[in-house]
Amino acid sequence: MTIAMLLTLHLICVALSVSLFVARYWWRYCGHALAAARWTRIVPPVIDTLLLLSGIGLIVKTHILPFTESGSWLTEKLFGVIIYIVLGFIALDYRQARSQQARFIAFPLALVVLYIIIKLATTKIPLLG
């Protein structure tokens, strides 16, 4: 698979993953039946797995490694992804373990972190130097 194909797959998965995250949060917030639909528990992890695999493929093909001088932006991006995942879990908490207020705060914070991840990926300039 070429770098262009991997990048295209990665970007499509990003768009689908973010769109489903926003939709699932909205459905949950509004109490819509789609929030509890079976497919909303199956499809997002499949897309996120493809996203992860395409990202690993891009790392292998481009030889840009995290935790190196040339890959410092990628290191920051990976930490951002971890923070985004944690905030996403809080925002979409289906066990009702967290308050509505915690979910309400976690959702926009996740979107801010997502913006930072996208900025790092597009500029390849680390925020922390």
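Even glycines carry a Cβ here, placed using N, Cα and C.
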Check whether Swiss-Prot assigns ILE64 and LEU128 to the same side of the membrane. yes
Sequence-distant contacts of the transmembrane segment (3-23), meaning Cβ under 8 Å and at least 6 residues beyond its ends, amount to 34, 40, 43-44, 47-48, 50-51, 54-55, 57-58, 61-62, 88, 91-92, 110, 114
Long-range Cβ contacts under 8 Å made by the transmembrane segment (105-125), restricted to residues 6 or more beyond its ends, are 18, 21, 25, 73-74, 76-77, 80-81, 83-84, 87-88, 90-91
